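Student: Before anything else, here's the structure in question.
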Amino acid sequence: MSQLDLIRALPKAELHVHIEGTFEPELMFAIAKRNQVVIPYETIEDVKQAYNFHNLQSFLDIYYAGANVLIHEQDFYDLAWAYFEKCQQDNVVHTEMFFDPQTHTVRGIAFETVLNGLVHACEDAKAKLGISSELIMCFLRHLSEADAMETLEQALPFKDKIIAVGLDSSEVGHPPEKFERVFAKAREAGFLIVAHAGEEGPADYVWQALDLLKVNRIDHGVRSEEDPALMQRLAQERMPLTVCPLSNLKLCVVKDMREHNIQRLLEQGLCVTVNSDDPAYFGGYMNDNFIAVADALDLSEGELKKLAINSFEASFLEDAEKEKWINQIHAL
Ligand code: HPA
Ligand code: ZN
């Protein structure tokens, strides 16, 4: 089997995708029109020109502006449904999606409007496409601890619809320790825990995510490589890192894909996975991310299979489900 055929054939779980980051310009234009919201672009070409980032913040400014078009439950449904169609194309059979309620509640959109639209799309994806999914609610780390606490309170009545809480947005200057109490409360309430750490921020933020937030996974985490003791800890615990290759390239976390450390992380026994982060902004969904690293780093068949196996190992699926998919990968 060719490398490309194998990538396509592998069943995969996606563990790091921001649903607001799957907002394709075509759908953004359509929803802006029906909601009569003005956006700062006239053509798809204008949009593509604007998607030229030099760091995380330069992306976030544009990403939050795009999300302002989303108002009604149907908008959130359409957004998620379009992403599920991409999952189907890429043989992503399970996905655990982030959503950022604060991006919407700050504009007067009800928490339930956002959640209901996403939940209905998840239900339809299971029924019509056979794709399983979970929702992970992220706190925006550039906002205050009090804001995050209030968002957690809003989520409590919907605990059964949200599997985990996470932490995203501008990393540097907003360390995990800022949210230690919020995450303690979330753990008490029974949420699983993830956090973006070690994308632009230092290895110390990964330690904080482990020791203070008590995460079940680290999102990104590529800067962990700068600290050998941390690498040893991550390997020993098989603590998953949800790595996003095209995101790292587009946000200049790496200069060239040939310099990406995903293969070295894998070699050192870390449970690394491949993910798309914000695929509408970074130029590709799951398989594009696999292809980008497979080409740049000349990944072997064994390494590609290991990355797909890790995605199920690192997922929040039941053990029997994990085993089912991992056996399918071994059989390829
Ligand atoms: N990092 C931090 N926050 C984000 C990202 C990311 O890559 N994507 C969307 N919000
Ligand atoms: Zn992310």
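Any Cβ shown, glycine's included, is placed from N, Cα and C.
What TrEMBL says about a protein is an automatic prediction, not a curated fact.
So TrEMBL lists the following for this protein:
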| type | residues | note |
| --- | --- | --- |
| DOMAIN | 11-330 | domain 'Adenosine deaminase' |
| BINDING | H16, H18, H196, D277 | Zn(2+) binding site |
| ACT_SITE | E199 | active site, proton donor |
| SITE | H220 | site 'Important for catalytic activity' |
| BINDING | D278 | substrate binding site |
Student: Tell me, what is the mean pLDDT of the domain 'Adenosine deaminase' (11-330)?
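Tutor: 98, rounded to a whole number.
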Student: Nearest to H18 (Zn(2+) binding site) by Cα distance: which of the recorded positions E199, H220, D278 is it?
Tutor: D278
Student: Excluding H16, H18, H196, D277, which residues of the same chain place their Cβ within 8 Å of the centroid of the Cβ atoms of the recorded Zn(2+) site?
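Tutor: Once H16, H18, H196, D277 are set aside, the remaining close residues are V17, G21, F98, D168, D219, H220, T242, C244, S247, N275, D278.
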Student: Listed recorded positions: E199, D277, D278. Which have a CB under 6 angstroms from an atom of ligand 2?
Tutor: D277
Student: Filtering H16, H18, H196, H220, D277, D278 (recorded positions) by proximity to ligand 1: which pass a Cβ cutoff of under 6 Å to any of its atoms?
Tutor: H18, H196, D277, D278
Student: Ranked by the number of other Cβ atoms within 10 Å of their own Cβ, which of the recorded positions E199, D277, D278 ranks first?
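Tutor: When each Cβ's neighbours within 10 Å are tallied, D277 leads.
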Student: In sequence order, which residues at least six apart in the same chain have a CB under 8 Å from the CB of H16 (Zn(2+) binding site)?
Tutor: F98, D219, H220, T242, V243, C244, T273, N275, S276, D277
Student: List every residue in the same chain as H196 (Zn(2+) binding site), at least 6 positions away in sequence, whose Cβ is under 8 Å from its Cβ.
Tutor: R141, G166, L167, D168, E171, D219, H220
